[in-house]
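Following: one structure in structure tokens, then a few remarks.
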Amino acid sequence: MRSQAKTETVSSKSSRNTHVIFRFADWIDIVLMVLGSVGAIGDGMSTNVSLVFVSRIMNTLGYSQHNPSSTNFKEEIQKCSLYFVYLGLAILGVAFMEGYCWSKTSERQVMKIRRTYLEAVLRQEVSFFDSDISTSEIIHTISTDTSLIQQLLSEKVPIFLMHISVFITGLVFSAYFSWRLTVVAIPTLVLLLIPGLIYGKYLVHLSKKSFKEYTKANSIVEQALSSIKTILSFTAETQIIKKYSEVLERHKKLGLKQGLAKGLAVGSSGISFTIWAFLAWYGSRLVMHKQETGGRIYAAGISFVLGGISLGTALTEIRYFSEASVAAARICSRIDRISEIDGEDTKKGFIPGEKMKGRVEFERVTLVYLSRPETIILKDFTLTVDVGQSVALMGASGSGKSTVIALLQRFYDPCEGFVRIDGFDIKTLQLKWMRQHIGVVSQDHALFGTSIMENLMFGKNKASMDEVISAAKAANAHGFITQLPNGYDTHIGNRGALLSGGQKQRIAIARAIIRNPVILLLDEATSALDGESETLIQNALDQVAAGRTTLVVAHKLSTVRGANIIAMLENGSVRELGSHEDLMTKNNHYAKLVKLQRQFGHEHQQDLQDRVNSPEIQQRWSTMNSVIRLSNRSSPDLIVSPITLESNHTTKINENIPSTSFTRLLPFVSPEWKSSLVGCISATTFGAIQPVYALSIGGMISAFFAKSSQEMQDKIHIYSLIFISLTFLSITLNLLQHYSFAKMGERLMQRLRLKMLEKIFTFEPAWFDVEENFTSEICSRLNNEVSIVKSLVADRISLLVQTISGVTIAMIIGLLISWKLALVMIAVQPLSILCFYTKKVLLSKISNNYAYAQNRSSQIASEAIYNHKIVTSLGSTKKIIEIFDNAQYEAKRKGRKAAWLAGFGMGSAQCLTFLTWALDFWYGGVLVQKGEISAGDVFKTFFVLVSTGKVIAEAGSMTSDLAKGTAAISSVFNILDRPSSHENTNHGEKMGTIQGRIELKNIDFSYPNRPSILVLRDFSLDIKPGTSIGLVGTSGCGKSTVIALIQRFYDVEIGCVKIDSENLRDINIKWYRKHTALVSQEPVVYSGSIQDNIILGRPEATEDEVVEAAKAANAHDFISAMEKGYKTECGERGVQLSGGQKQRIAIARAFLRSPIILLLDEVTSSLDSNSEQEVQDALARIMASRNMTTVVVAHRLNTLKNLDCIALIVDGTVIETGSYDHLKNIGGQFSRLAHAHDLKS
């Protein structure tokens, strides 16, 4: 609420303070803006100045048509034509100034804004990110808000100034040509302004609602595709498609309203025709009774009408000023905010004379987070850590362990009490100096999307290569780094995505080591790793911690038992304090926690430590081969590091996308053939309005030069009626045109999206493993590419039909009136077309390239904000800004090119317009002088053809849209035409009943996108119906792959998977999956209610069945305790629920299906002890209640003790099978593994 109130305040202030947009302009920018404004004003004036010469030519032609051979006639025509040449050259300069100066200053100012904003935000205290702002808001500001400002400065400001110039000079010149006409016409301005403003505002309102509605649809798809295996496993495809279809239906209705609004908005511009009817009538009166000239009446009228239209356009641009003002005010409010704890401020605090020793004291500390003032995090917390001593912090979630780590880094200041280092209150120390002596390794590795070298140098900015290598060796990282393609210069992807978890953690450790810290802070540094990888990493940490003051936060006993002191925290206070042996002797809270953890196999015994320290393992450290295999095989999707794969030249799936004909869309469009026909007829007819209007203008002007007043009146009456008719036709035809094409386009878009999603759900999961088929890419295709297809079929075809009609009719009329003049005008139009095309298309292309170049710097900013705690801890703000500046260099280079092209494009387009006018009028005068045509013919031909060049250029600029549309159609049909091994989900045998026997016979398997890496080798396993089996082995041995094959997420080519002796490939896949259920390590919970999540895949379930499933999953009690019970919203991806709650909901979902085959994949690996026990109890209850075949994957062996059978897998092969007791007693590999995991009752 507070943040919202601030935003509203900022918005209200910004509406009154537009100058805030220009706050970062220096003197160079001011000069550029002044010159750009002069250019824009000059550009706007040029049209009205040209009318001075147009009126003179018209009067010369009109009044001299009975004596065209006079010398004065020829001289006047030549003189006015020459004036047009001069005006064209002048406008070349001012338009270039307009385009170049505003483009250049926008690029300069926005780059300064982005840099200053990012630096200011990174200097804020951590609590600022907790309560005042979200990460997404900052990223939105850096990308979207700054883009709004850039768009305003580069496009909207010059356009606004130009249109205001046209309006003001239009009124001035209109009064100059005929003040009487101007005074009478002023009230009609209202007719030009109000309709467009009202409909335009309503159109914007509908656009926002439409965007919001599709965001909901996109969220449904994004959540479903990001957990595609869960959707397929629970056969929930139909449910997702139904929800998606309902939202798309609402989106379609809004699209139809947009079509109507657009028709009204465009059609209302036809009101200008009615104004011309009035001006023609009143102007004829002035010619007859006030001795006004026809040329000046036309010039006065066109100046007034153009001025009114320009004012309406300028007023619509004001909303961009408002939006940019709000964005700029929002940015400046963050820049101006003074950080309460600024780690970059070297003026505050002092640096002690002696080197830091590392004694840490917490004295009666009380802390409350500003974001949760009602909750006390630490209360009367007291703890002392002597120099070189290691202290472990243990306790339940929320007890304050990580808060202690945060306080020592001075992320927060305590409400009461003191935090001291070497006896000094840390509030009095220079913060940058203090943090330089602290090293941090957390569970979240917090790496950046740059090279390994730069990531390590975040720890010490000026570190030498020797220091970097030394730190990497100390962290056991040097071996795998040197095996990467580019060694230390290897780029590791967004947030280190191209490295495994173990590799990332070791780089984070090296980054801490390179600082040579006096105090080392380890916050859950190994919690997300498997057993053996954890021990190897822990070994590196133990070596690093030696001789340093160390604080360790962990919930695993194996991590903390070697600490000098263990502090047991509860409710923000130290409940117990002492060594491991002392606390075990007391037999209190710590001892109970140890016993609970031993029950679930968290503690590693000393023999495992000995094994890690053995020569064999140390040799593995040096070569890193086995470590890479272990750390990278933590899931089926990461068998080896993608970087390693790249160096091995592994073939990547690449589907060539052939060009697709537009005719492929006909079946999707054909249901709306009536709407298409009405739209095309309306567009064709409306296209004819422009040349008819131009012809009428030419006729009106010639009528002003009629021989008699009666003849003038008769002709003006006819043209006035034509103008009025054109107004009603314009509104009617635009309504029909835009609504019909909107109806066709919206329904086409709805059909394509539904068909694509239905098709995507038939694809095998291997398809989703390829980078170009990641969730974000698929969502982009459904959103952007289908929208492009819709725009192509509806908007672009509508405009194309309208343009072809208008240009064709204009050329025919021109040729019929004066074929010689028409041919000359048509002949020079390619130049005009080329300039307008260059201006529109090239600028658009450069703008897109510039935006693309900005994306790199935005990505750096995004990572910095996402990892703001580690940036703060490392004091790396300047390093981030340095990388950010380097990333902006490419954008700066492209921006410079865009500025020159903007200036050249605008200048040449405007210049050639006036040069062609000069030629047209000169040649028209020549023809009139020769007596081949009349003055009226010149007027009519000129006005009919003068605008066709611009119209053709506008249509020609669609070539890029057509190319995009063709590519989009190809992309869409690439999905729709793609064959899938699972496409016909109703194909295959539906067995009468399923017993649950599973046979995997002689299987050799590799993932489709990694064909050279064998995951399973001659793998065989026979699982009897109704039995339970556990799959055991190190990370990457193939356990989860077996689960995937049983679900038929992948097909095997060598060997086979059988269910009840039937080949799984011959069984109806949808029917089969309805008899299975999967619960994985990461519980998938979707936005929606708890009940919606439980009934996923079985929507027909009754409320009693849902409650029964929840009770069986040990979830009913916590659900009932919530205010809305089963109707409680889970939030996106279940953010409102804890890990244990989400896991129990996932179990309830599985139980509701009454599965014959239950698959459990690392269900409890990421849970704390209490949550693990609750989930284990639920699983035990379910497995005991029904006769089902259960396959369990786990690395905590104690969870498998009660299973019927255990299979030990090594390198993709089953090497031992049997019961737990049998395998433990035979003295094989399982026995050694069991002892290593301390499996004692």
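Placed from the backbone N, Cα and C atoms, the Cβ positions cover glycine too.
The following features are taken from Swiss-Prot:
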TRANSMEM  24-44  transmembrane segment
DOMAIN    33-323  domain 'ABC transmembrane type-1 1'
CARBOHYD  N48  N-linked glycosylation site
TRANSMEM  82-102  transmembrane segment
TRANSMEM  157-177  transmembrane segment
TRANSMEM  183-203  transmembrane segment
TRANSMEM  263-283  transmembrane segment
TRANSMEM  297-317  transmembrane segment
DOMAIN    360-596  domain 'ABC transporter 1'
BINDING   G395, A396, S397, G398, S399, G400, K401, S402  ATP 1 binding site
CARBOHYD  N571  N-linked glycosylation site
CARBOHYD  N632  N-linked glycosylation site
CARBOHYD  N648  N-linked glycosylation site
TRANSMEM  686-706  transmembrane segment
TRANSMEM  716-736  transmembrane segment
CARBOHYD  N773  N-linked glycosylation site
TRANSMEM  797-815  transmembrane segment
TRANSMEM  821-838  transmembrane segment
CARBOHYD  N855  N-linked glycosylation site
TRANSMEM  899-919  transmembrane segment
TRANSMEM  933-953  transmembrane segment
DOMAIN    998-1236  domain 'ABC transporter 2'
CARBOHYD  N1187  N-linked glycosylation site
Cα separation, N571 (N-linked glycosylation site) to K401 (ATP 1 binding site) (Å, whole number): 10
A396 (ATP 1 binding site) versus N571 (N-linked glycosylation site) - Cα distance in angstrom: 9
Long-range environment of the transmembrane segment (82-102) - Cβ separation under 8 angstroms, sequence gap at least 6: 32-33, 35-36, 38-40, 42-43, 46, 49-50, 53, 153-155, 157-158, 162, 899-900, 902-915, 917-918, 921
Segment confidence, the domain 'ABC transporter 2' (998-1236), expressed as mean pLDDT: 83
Contact between the transmembrane segment (157-177) and the transmembrane segment (297-317) (3 or more Cβ pairs under 8 Å, separation 6+): yes
Cβ neighbours of S402 (ATP 1 binding site) where a neighbour is any other Cβ within 10 Å: 18
Two-stretch contact, the transmembrane segment (797-815) and the transmembrane segment (933-953), at least three Cβ pairs under 8 Å: yes
C-alpha spacing of N1187 (N-linked glycosylation site) relative to S402 (ATP 1 binding site), in angstrom: 44
CB contacts for N773 (N-linked glycosylation site) [other CB atoms within 10 A, all chains]: 19
Assigned element (helix, strand, coil) containing K401 (ATP 1 binding site), judged by DSSP: helix
Those residues of the chain, 6+ apart, with a Cβ under 8 Å from that of G395 (ATP 1 binding site): K401, M568, L569, E570, R575
CB contacts for S399 (ATP 1 binding site) [other CB atoms within 10 A, all chains]: 20
Spatial neighbours, same chain, of N48 (N-linked glycosylation site) - Cβ under 8 Å, 6+ residues apart: V166, T169, G170, V172, F173, S303, L306, G307
C-alpha spacing of G400 (ATP 1 binding site) relative to N773 (N-linked glycosylation site), in angstrom: 42
Rounded inter-Cα distance in Å - G400 (ATP 1 binding site), N1187 (N-linked glycosylation site): 44
Inter-residue C-alpha distance, A396 (ATP 1 binding site) and N1187 (N-linked glycosylation site) (nearest angstrom): 36
Between S399 (ATP 1 binding site) and N1187 (N-linked glycosylation site): CA-CA distance (Å): 41
Other CB atoms, at most 10 A from the CB of N571 (N-linked glycosylation site): 14
Neighbouring C-beta atoms (10 Å sphere around the C-beta of N1187 (N-linked glycosylation site)): 12
Where N1187 (N-linked glycosylation site) falls in three-state DSSP terms: coil
